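Below is one structure, written out as structure tokens; the observations come after it.
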């Protein structure tokens, strides 16, 4: 049995499969995941699991060199925006319009849907390298 880290087998597989510059999107309940995308749906109920906790768990195992968010998060969801800024204080944070974000996210290797129910709680994690 695995001792630590991500116990969800699909997410563990997603992280282990990431190469340099691959993208993994963590999104809220209402996000329109592309029809043919590979994703895991973690939603149990509204808010469970939440956006920030999901990011923190993925970061436990994934090396990230850059993140992309919708600029609208700063105005419409200041609480999560500030948490994202704190979590990624040493990593490039690229802001795009929500429409641009959705276009970029279509290229994500994987999606993780959370139970988050606050506006613009979506992020693209761009995989880095550990050397």
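Yeah, the Cβs are placed from backbone N, Cα and C, and that goes for glycine too.
Fair warning: this is a prediction, and the values are worked out from it, not measured in the lab.
The 10 Å shell around the Cβ of residue 20 (active site, proton donor) contains 11 further Cβ atoms across the protein chains shown. As annotated by Swiss-Prot, active site, proton donor applies to 20.
As annotated by Swiss-Prot, substrate binding site applies to 28, 98, 120, 121, 122, with the evidence given as sequence analysis. Under a cutoff of 8 A between CB atoms, and with a sequence separation of 6+ in the same chain, the neighbours of residue 121 (substrate binding site) are 27, 28, 51, 73, 77, 80, 114.
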Fewest-neighbour residue among binding-site residues, criterion Cβ within 10 Å, set 98, 122: 98
Largest separation between Cα atoms (Å) of residues that the record links to substrate, namely 28, 98, 120, 121, 122: 13
